[in-house]
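Pulled from Swiss-Prot, these are the features on record:
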- Gly108, Leu127, Gly128, Asp129, Tyr130, Val131, Leu132: S-adenosyl-L-methionine binding site (BINDING)
Amino acid sequence: MKIDILTLFPEMFSPLEHSIVGKAREKGLLDIQYHNFRENAEKARHVDDEPYGGGQGMLLRAQPIFDSFDAIEKKNPRVILLDPAGKQFDQVYAEDLAQEEELIFICGHYEGYDERIKTLVTDEISLGDYVLTGGELAAMTMIDATVRLIPEVIGKESSHQDDSFSSGLLEYPQYTRPYDYRGMVVPDVLMSGHHEKIRQWRLYESLKKTYERRPDLLEHYQLTVEEEKMLAEIKENKE
């Protein structure tokens, strides 16, 4: 995968040199290039200006973005604009982006963008219902969530298939050694070696956690007959 990032602050992306994303780059599975669009700005390198019609704040000018975009070697990329008004990013979106060969992220600052910048864009994406100083942190979050889904980046595909949200449910509780730590012991079923009982326990706990913490996820989740029975039991126990 090739990722190009248009930003005023390339140095902010140093975390992408480490952990899973860094290893993906070392393996040659990922190429990330940074483009400081201030370097392409005309008018004394100014990248922002006052909005027509008045108003508070400054807007990111179209010219530096267009010229930086034109300078990128590309074929048919998904072009992502980080915008609080965009569609909210989630695991399904990360899985979709992981199928792409080329991604371009446009990270803004200031009050907003000249609307004409959006003619370059295929996706307007937000992390959530809040405003960040710039798009860099949002871009890093999306890149991390996406890159770890690329085949061969994580050793076992099942490692991320069991993650929260990948199945539509929150992930079940997990434990490792020691068995007893400060009086807190591992559930007996996990020590039993009985794979079917372990599967059932994990499914029950996933449903329980989702029901308690993110019941909204269940509105779009297609329950199996087994899951319907478990969820009914969970609800009954909560009453």
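Just so you know, glycine gets a Cβ as well, placed from its N, Cα and C.
The structure, with features from Swiss-Prot marked on it.
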residue : record                               : DSSP (3 states)
Gly108  : S-adenosyl-L-methionine binding site : coil
Leu127  : S-adenosyl-L-methionine binding site : coil
Leu132  : S-adenosyl-L-methionine binding site : coil
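If you count neighbouring Cβ atoms within 10 Å for each of the binding-site residues Leu127, Leu132, the highest count belongs to Leu127. Just so you know, of the binding-site residues Gly108, Gly128, the Cβ with the fewest other Cβ atoms around it within 10 Å is the one at Gly128.
Its Cβ taken as reference, Asp129 (S-adenosyl-L-methionine binding site) is surrounded by 7 other Cβ atoms within 10 Å in the chains shown.
Note on Val131 (S-adenosyl-L-methionine binding site): other Cβ atoms within 10 Å of its Cβ, all shown chains, come to 8.
Around the Cβ of Tyr130 (S-adenosyl-L-methionine binding site), a 10 Å sphere holds 7 further Cβ atoms from the protein chains shown. Comment: S-adenosyl-L-methionine site residues Gly108, Leu127, Gly128, Asp129, Tyr130, Val131, Leu132; largest CA to CA distance 17 Å, whole number.
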